[in-house]
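If you check TrEMBL, you get these features:
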- 129-186: domain 'CBS' (DOMAIN)
- 293-310: transmembrane segment (TRANSMEM)
- 331-349: transmembrane segment (TRANSMEM)
- 382-402: transmembrane segment (TRANSMEM)
- 414-435: transmembrane segment (TRANSMEM)
- 481-504: transmembrane segment (TRANSMEM)
- 516-537: transmembrane segment (TRANSMEM)
- 543-560: transmembrane segment (TRANSMEM)
- 572-594: transmembrane segment (TRANSMEM)
- 698-717: transmembrane segment (TRANSMEM)
Amino acid sequence: WSAFLSATETAITAAAPGKIQKFTGKNIKHTRATLKVLKNKEKVIGTEEVRGVIEHYHQEGNVYKADRDMLEDLPKEEIIQSALSCPHTRIPLWKDAQDNIIGVLHTRDLFRVLYENNNDLQKVDIANLINKPWFIPDNAFVTHQLNAFREKKNHFACVVDEYGELQGIITLEDILEEIVGPIIDEHDYPINIITKQSETEFIIDGSATIRDVNRELNWNLSDKNATTIAGLIIHTLKRIPNQGESNRKMISNIVYGFIISDFSIQNVFLNSSTLKPLIFKIAASWASHEGSILLWLCLFQIIGVVYILFLNHYFSDSKLENDDNDRKISLIILSLIQIMFGSFIYFTSNPFTRLSFHPVQGLGLNPMLQDLALIIHPPMLYLGYVSYSGAFISACSILFNSQNSYIHLKIIKIFANLAILFLTVGVALGSWWAYRELGWGGFWFFDPVENISLLPWLSGIVLYHSVKMTMRNNYMANCTIYLSIITFLIAIFSSFLVRSGLIASIHSFASSQKRAIYMLIIFAIIAIPSLLLFISYGFISGSVTLFSIFLIISICYLLLEKICNRPRRINVSMLLGHLGFGLLALTITLNSLLQSEIDFIGKIGDKITNQDLEITLRDIKVATGPNYYRQIAEFWVQDKQNNLTILKPENRFYIIEKQLSQESNLYSYLAYDLYAVLNKIDEETIHAKIYYKPLMSFIWISAMIMVGGFLIGLCRLNSDE
């Protein structure tokens, strides 16, 4: 890619002012071509084959050229000399300004006159040789121009805009080349715009058109925003690239592959299609195992940088001994984890694996994963998982050198808070996705993968309370260190379970037991040394389980504070966190007790009434989406207070994936939700379910309250509370 970009930059920046006779980009204003092809509206031109090609080809193309030789009103001898050395047969002549074309000189006429006058230049009258210029508007249709070339028996025209400014020159050969590709004759110098370096690397001239590159390499690059490779790169980067620059790094590389629908990449082929909206193309880059584990590693590296910044900040403010050794230990542990997961990706989960062929279409993405919540949900969960690495590294550093333990306890608290914040957002988004997408009105106990994400969240809450106790009164230091280790191990183990094949899920990655074995090996390499190190320091005096620790802290937290005789102060972070958790538990309980559902089986106009609602089927519609067909049922739902709610659940058939998906529709009031899902339609009879879900809004409100509490706690970095 560096060679590719270097060649592109050379092509872009090499344009320099030449002779005044040369028609260059500096001398004339460039605009995008607007010569269009009119589809299915033109009369037959030429042969049937040409007509068919033209009618099929209905995109804008940069047909006219702005790099043809032109001659100004020079002395006759100079004009003749320049014309004889020009490789073109038709040469425009301009006077005073390039927009003022006064005629077109054909070298055939010039040679004839020179021959008749025995090469006597003085007898040549240029004014009698030039032909009247033919001006055409830049919005002319290609088919019109082909007809005009045929009828006027002229193969050369000047293109002008609405202000009369010259935009370029077009010939019959230019149009034909746009249809069938470059036409090289015996007098042309073939230009090798594409040089193959390897199976996956090419050097491409920046002036090469995207259409020619697609034809040559069987690619599917979009020419919507640019017509040349150089233009595509500048449009993508929003600037001219530097020499040797690579415009894609790691996760952005695979995301770019999804954006441009590069189906030669196996990961893109298996999880995307050209019909999918752009936002879901981007999200699909982490919908597979390979993309998700690459995202995991990239986020881990970001958290690693944040960890190093905090480490340097706290050690620079202290005058403790052996701080250099302490930092070295932390960096070694961080680097070893990165190496292990980087090796795992390289040897078992390469997201950039290329196919031996170039498909024109991908297989698409699971319709259930084409949801806005799933765009943010995985990155939030992974950020939560990898944030526990900061607590893990500091806990191991304490075991190696306990002199700087207080600094590391501060770091453990920060990263425990950070992890819980991200996991709370991720878990809430997963719950919100399940509530809207899966079609039975449930919001949590629906999917093993989402349930697994609860394990590090619960463990992290225990860790957060434990480290606060340790920093405040030096209680439970052993538990804090143990929980810092075990919580990160739980996060890794959760990733292992998702990829092990042991669980069945909508979005598990159980595609290879070999990968699961490698993940288990990585887990063992991290777990065994860290736990042995913990045991060797004599911190464990019996079997300690996560459940017992959770119970002890949950029951005794307030009691321990009383024993310590610490005055109770209002802590907004703690207040919001516990308020949100309590509200969540209460609303889940009430929702489960008070919810109801109605089975609707009927035709248009039928009504069903229960004690709370009156439901009427008003209409059945059919429509199309960007990459699916829609079958929509319209229900009118009226409650006891005569509030009318219109619900439109639908069935979608995804064209590429060849899958049928149920899309629920809901309307949220503060006190309750009305939720409808369409099961099937038998001829004119509809099978659907309508749910009455009380207090659902308070579930999402409670999650936001907890997130607010964690955010406030994160802002109070120097507090021991």
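Along the chain as shown, residues are numbered 1 onward.
Keep in mind that glycine also has a Cβ here, set from the backbone N, Cα and C atoms.
TrEMBL: automatically predicted annotations, no manual curation.
When each of 293-310, 331-349, 516-537, 572-594 is scored by its Cβ pairs under 8 Å to the transmembrane segment (414-435), the top-ranked stretch turns out to be 293-310. Listed as Cβ neighbours of the transmembrane segment (516-537) (distance under 8 Å, sequence separation of 6 or more from its ends, same chain) are residues 337, 340-341, 344, 347-348, 392, 395-396, 399-400, 481-482, 485, 488-489, 492-493, 495-496, 499-501, 510. According to DSSP, the secondary structure content of the domain 'CBS' (129-186) in residues is 21 helix, 16 strand, 21 coil.
If you look at the transmembrane segment (293-310), the same-chain residues 6 or more away from its ends with a CB under 8 A from one of its CBs are 250-251, 254, 285-286, 330-331, 334, 337-338, 341-342, 344-345, 349, 351, 378-379, 382-383, 385-387, 389-390, 393, 411, 414-415, 495. With a threshold of 8 Å between CB atoms, the same-chain residues lying at least 6 positions outside the transmembrane segment (331-349) that come near it are 289-290, 293-294, 296-297, 300-301, 304, 307-308, 389, 392-393, 396-397, 512, 514-515, 518-519, 522, 525-526. Here the transmembrane segment (572-594) has Cβ contacts under 8 Å with residues 444, 693-696, 698-699, 701-710, 712-713, 716, 721 of the same chain, all six or more residues outside its ends.
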